[in-house]
Each structure stands twice: as structure tokens, then as C-alpha cells.
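A.B. asks: Would you mind keeping the following structure in view while I ask a few things?
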Amino acid sequence: MGDMRNLLKMLMMVVFVGWMFVWVMISTNLFKNKWTPKMTKYFNTTYFGPQGINLVLLTVPMMFIAVLSCLYLHIQKKPTQTQSKSKIKGRMGRVMMVMNPLGIVTATEFTFSILFVALLFWALANYLYISYFVSLHNHDNAELWMAKFRAFGLRIGYVGHYCWAFLFFPVTRASTILPLVGLTSESSIKYHIWLGHISNFTFLVHTVVFLIYWAMTNQLMDTFAWNPTYVPNLAGTIAMVIGIVMWVTSFPYYRRKKFEIFFYTHQMYGLYIIFYMIHVGDSWLCMILPNMFLFFIDRYLRFLQSTKRSRLVSARILPSDNLELTFSKTPGLQYTPTSILFLHVPSLSKLQWHPFTITSNSNLEKDTLSVVIRRQGTWTQKLYTHLSSSIDSLEVSTEGPYGPNSLDLRHDSLILVSGGSGVTPFISVIRELIFQAQNQTTKIPDVLLVCAFKYYHDLAFLDLIFPPDISVSDISRLNLRIEAYITQEDKKPEAADDTRLLQTKWFKPQPLDTPISPVLGPNNILWLGVVILSSFVMFLLLIAIVTRYYIYPIDRNTGKIYNFSYRVLWDMFLGCVCIFISSSVVFLWRKKVNMEGDKESKKQVQSVDFQTPTSSPGSWFCSHERELESVPYQSIVQATTVHFGSKPNLKKILLEAKGYKDVGVMVCGPRNMRHDVARICSSGLAKNLHFEAISFNW
């Protein structure tokens, strides 16, 4: 297995380097005037037309990597003996710098960012060299400086197109590409944001330059021209209008304070893509096709998963007025700590989906999955009010779980720093350590949980650390210490007593409710590879058939050029058809194969007796004289030191870990907290700190 994995890794690396080499060379005069004429006779055949070169050089290699990565990730989930003895640091690493607006940047991220920006400038410089010194197009007989001004606008639009070759990789939630470099969709959203800003800026410059040029040459009406045999300007104008709306509403003010505006305007991405593709044509579509093809496969599979209603078992209302929802799941559904689940409640909103942290552990809790929801927005406030009423069932759909392919916790010590609800992903981390501790030969790191809350009642989050049915023996090997800081209160409130209860509400199972299950069943990643391979091969075959037996005869027999826009519409239509057919067939086949297991799970769900809402004391809201009901929960209280009226001295806490050779540092909370921890870890004061930030800011 190890040799196969290394072979696949080397093969993917070679193909990727070759793919990037094409991106470096495609803007050069050598590629345009020397290589392209030679490749045209081999690739631009009657089966693929003018898109043949880009299809072979830029589409096929990345799709090949996407298929191989499915096999690689499947093998990686089965650790070999060599792996189990080695110290793999996973995503944790060294921070290079912390700066706004980029945030936390590692050395790897910084290197790739510099190389990508260099690629953009390299491409622009080469394109301008060709336009200014090799072949300047001046069909309008404008003055020389005007023609060069137009060429600049055209070429900077080309540079924006480079960004689109990578734009959709970060938002492909079940990506097969991101795990190869230790990323998840949640952790790489910032790359989508950066690429979106760069591409929209370059497209805006492209648009403004052409508007000025057309105004100077009295051709302003060309803005609305739709040429049947060349670039349709109107399509680009429409795409730019949509793009500006999406761009403006994606800035932090809208994303964080007016999320619904951001969410609904971003749903226009489909129209944006359609008009943008019509504007650039089929050859340029093939340059950016891989990341879009993979994104739409993922999007359609998510749609298939979301059509099922998920079985909501119970809701726990914490004394802090936050919620824990518990769903039924199939035993075969596996996920890693820090994963998230997207929820959709039709009675609250027909369109909105919201991500929440999973606190359960798939190894400890085989049949249930839990998420924690903090009441802090319009949607969550509505959900809290809804669950607090006298309902006995709730229709919920889910997508996911999504998370890292693996998470290495093999350190001498683990420091978990959180702020507010940022403690929730660490609940799943601690539960994973509890599971690993059941193997007596596994070394378990000492765990320090540093959590900052505004108010005392937020300590109820700590009651969720252990699963409900945990025993003393299960946690005997876990060396857990908790330092809790209450920042807005100087002492324990007098009202913090038995009156604050943890309430549990149980829901009746409904006929259409089903346990949460993997989209494609067990070995999900392998079947995803089947979907990618079959849909792409089908796409190539259909494109070849349509081009050879429909488009080519029109060009040859009529002497006319086939409609420019229709070519790219064929590509988009056939791509969607292939994704729909392949994904649906594999999904339905896997659903049929797993039907017996689903029936058994559903019987277990239906057998759960409906219980009336109950209340139980939270460990932090019981009188000191009162004996806690559960010994494990006593251990939480005993392991916790509460500090009132102060914030944690993060530098002091982290530097005190010098006694350990290898310290993993994970942080989840407000941006300033993440940045402070990152600066300390990158300061060089302690070389044993390995940093990782968890952020769910969308």
C-alpha cells in the first residue's frame, strides 16, 4: 500500500508540474507562434475543433489528477505500519506572518501566493509584449496609443481568466484536490475570496478600458453587440454587471452583518458563469473547465443528499441559551474531528443553509451525530424560538459532514485555545482522544483547554465535552486541564444556581426521516472517482460526436462559421448532462446496494420511544452542596479553574509549554485571538509549537 501511495503521489506531482508548465508558457510568443501551429494539426481535429489544444493540455491533466487523487486518498485512510510509527504533523505547521487583510499566512501559503502573483505578472507582461511588439490588432484604424490602450484592456482580461482556473477548487466541499495539500474547503475559503477579488478587479479594469476606448472611437454601442461569429460583447457586459453585484456584497460588512444579502446575491453565480463563458468562448472554457467540472459534480451530489429528510432525535437547550441538536446516522458514516455539517430548515428559510460544528465522534457515537448552534443571528434566533415551542417534530435536511481527510493529534502536549463558541470543535477533538485512549498502546498527549467566555453561564459548553454515556474507565487515561476565563463578570453571579437547567427535548420519528449517511455509501471517495471518470469520459465522447457530426458539417458544407455562442453552450449543456447522468446512476446504484443497511437503521430510528421534554441540571449550575449525577462530569469541574474578570495571557500560557518536545497548538475563536496565537507561535520564542487555526468565517 505504501509503495502504491508513493507511486500515485509521484505520478500526480509530475502531471501537475507539467500542467503548471503549460500555464507558464501559454502566454509566451514561443507558445503562440511556434508551438501552437504544430499542435493544431494533432489536437484541433474535426472531433474537437478549436478547443482541442486547451482541452488536451489544460483540461485532461487536472481531471486525471482528480481521478488518481480518489484512489490515493482511499489508500491513505488505511495507515500502514510505517505510518503509524512516524510523526506526521498533518496540517499543523510554522506561521510565517500575520497581517491584515491576508490574516494568518504560513510559509507554504506565502510561497504559493508569491508564485501565483508572479505568474499573473508574467502572463500580463508576455501578452503585452506580443500586442505591442509582435502583432498589434488595430482593426478600427485608431491612433497607435489607442490601439495599445485597447490591447492593455484585452490582455488584463486574459489575466483575470487565470484566476478562474483555480476559483472553484476552494468551494468544492467534497474536494479530491484540496486534501492532497492538507486543506479543506472550510480552511481554504480565503483563497476563493482572494481569487475573486483579483479576477473581479481585472475584469472591471478590462470593462472600463473598453468602454473608454469605444467612447473615444465612437463605438459605444458595441457594448451591446452580439456577434454570432466572434466574442459577444453584450454577454460580457451582463456578466460584469452580475459580477459587480456579487463582488460588492461579498465584502466583510455584508458577509458578517448582512449575511442574507451576501447569500442571495451569491446564488447568481450560475448566471455569471453562463454569460462569462458565452463571452470568452469554448477554447477559453477548456482552460478553466477542471475546477468548474469538479465543483458542479460536488454541487449536484450535495443536492442529491439534501433531498432526504434527516432524522432529528433530540435538542438540548443549554443554560446559555445555545442548542445541541442530535441526529441519527448510519454506523458507516465516518468523519474526522473539527468537521462541520450544513443544516437546512424549510420552515425557517426555503434557501438558506448554515454550517455548524460537529461535537460528536463517529468512533464513540456510532448511531448519532451532534452539532452545537450558538444563538447569535436571525436564522439561529428563529430556530431557537421554534425549538423552544411545543413542537414534537421538525423537518431538517443536511449536507455533509465536511472536514479534513485526517487530523494528526500525535503530540506530547496539545493546547486548545478557544473564544466563545469556538470551543465546540475542540469537543470533538477531546472525544477523539478519549477514543484513542481505549487502545492502551496509544500515547495520549496532555491536553490544556484554554477557553474564554463572556459570561458565566457560557461554561455550560463544557458540559458537552464528554458523550452522555461515557464511563469513568473511558476517561481514565485522559490528562485534561481546563483554564476558563470569564471576561465580562468579576465573580460568579448569584443567580447561577439550580434555576438554570439543561433542557432536553425529544422528537417523534416521521415516516420520511432517514439517518444521515454518506452520499455514495461506504468507500465514498472511490465512488466519487467513478463519478468523475465516467462523467468526464462521457463528456469527451459527446463533444467529439457533436463536433464531428453536427458542427463540422455546417462549417464545411455551408462555408459559414458555426455560431460562436452555440459552441460554448454545447459544452456547458453536455457537461451538465454528463454530470447529471453519471452522478445519478452511481448515487441510485449505491442507494440500492445499501438499502438493507438503511432499512435496519431506520427500524432502529423508528423504535426510539418519544419522550416528553425533560430538564436536567448542568454541572456548572448545581449547588456546591448538591452531588452531581455523573462522576465523569465531576471530573470536568475538578479539572477546571475559572478566572473571573480577565482574559487569558496567551503568551505566558504557550511559553510555559517549553517542557514538552512537541506541542500542538490549535485555536478557534475571534480573529484577534487567532492572530495573537499565530504571532506567538511564529515569534521563534518557542520552537516546539506547531500551529493550526480553525476558522468558520464564510
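Using the three backbone atoms N, Cα and C, a Cβ is placed for every residue, glycine included.
TrEMBL: automatically predicted annotations, no manual curation.
Heads up, here are the entries from TrEMBL:
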type: DOMAIN; residues: 305-408; note: domain 'FAD-binding FR-type'
type: TRANSMEM; residues: 7-31; note: transmembrane segment
type: TRANSMEM; residues: 51-75; note: transmembrane segment
type: TRANSMEM; residues: 96-125; note: transmembrane segment
type: TRANSMEM; residues: 159-181; note: transmembrane segment
type: TRANSMEM; residues: 193-214; note: transmembrane segment
type: TRANSMEM; residues: 234-254; note: transmembrane segment
type: TRANSMEM; residues: 284-301; note: transmembrane segment
type: TRANSMEM; residues: 525-552; note: transmembrane segment
type: TRANSMEM; residues: 572-589; note: transmembrane segment
A.B. asks: Are the transmembrane segment (525-552) and the transmembrane segment (51-75) near each other by the rule of at least 3 C-beta pairs under 8 angstroms (pairs 6 or more apart)?
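C.D. replies: Answer yes, regions in contact.
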A.B. asks: How does the domain 'FAD-binding FR-type' (305-408) divide up by DSSP, counting helix, then strand, then coil residues?
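C.D. replies: Across the domain 'FAD-binding FR-type' (305-408), DSSP assigns the residues as follows: 13 helix, 38 strand, 53 coil.
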A.B. asks: Any chance you could find the range in 7-31, 96-125, 234-254, 525-552 with the most Cβ pairs under 8 Å to the transmembrane segment (284-301)?
C.D. replies: 525-552
A.B. asks: Check the domain 'FAD-binding FR-type' (305-408) for me and report the mean pLDDT.
C.D. replies: 87
A.B. asks: Count, for each of 7-31, 234-254, 525-552, the Cβ pairs lying under 8 Å from the transmembrane segment (96-125), and report the range with the highest count.
C.D. replies: 7-31
A.B. asks: Residues of the same chain, at least six outside the transmembrane segment (7-31), with any C-beta under 8 angstroms of its C-beta?
C.D. replies: 57-58, 61-62, 64-65, 68-69, 71-72, 75, 119, 122-123, 126-127, 129-130, 134, 158, 162, 165, 180
A.B. asks: Six or more residues beyond either end and a Cβ under 8 Å away: which residues meet both conditions relative to the transmembrane segment (234-254)?
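C.D. replies: For the transmembrane segment (234-254), the far contacts come to 193, 196-197, 200, 203-204, 207, 223-226, 261-262, 265-266, 268-269, 271-272, 275-276, 278-279, 565.
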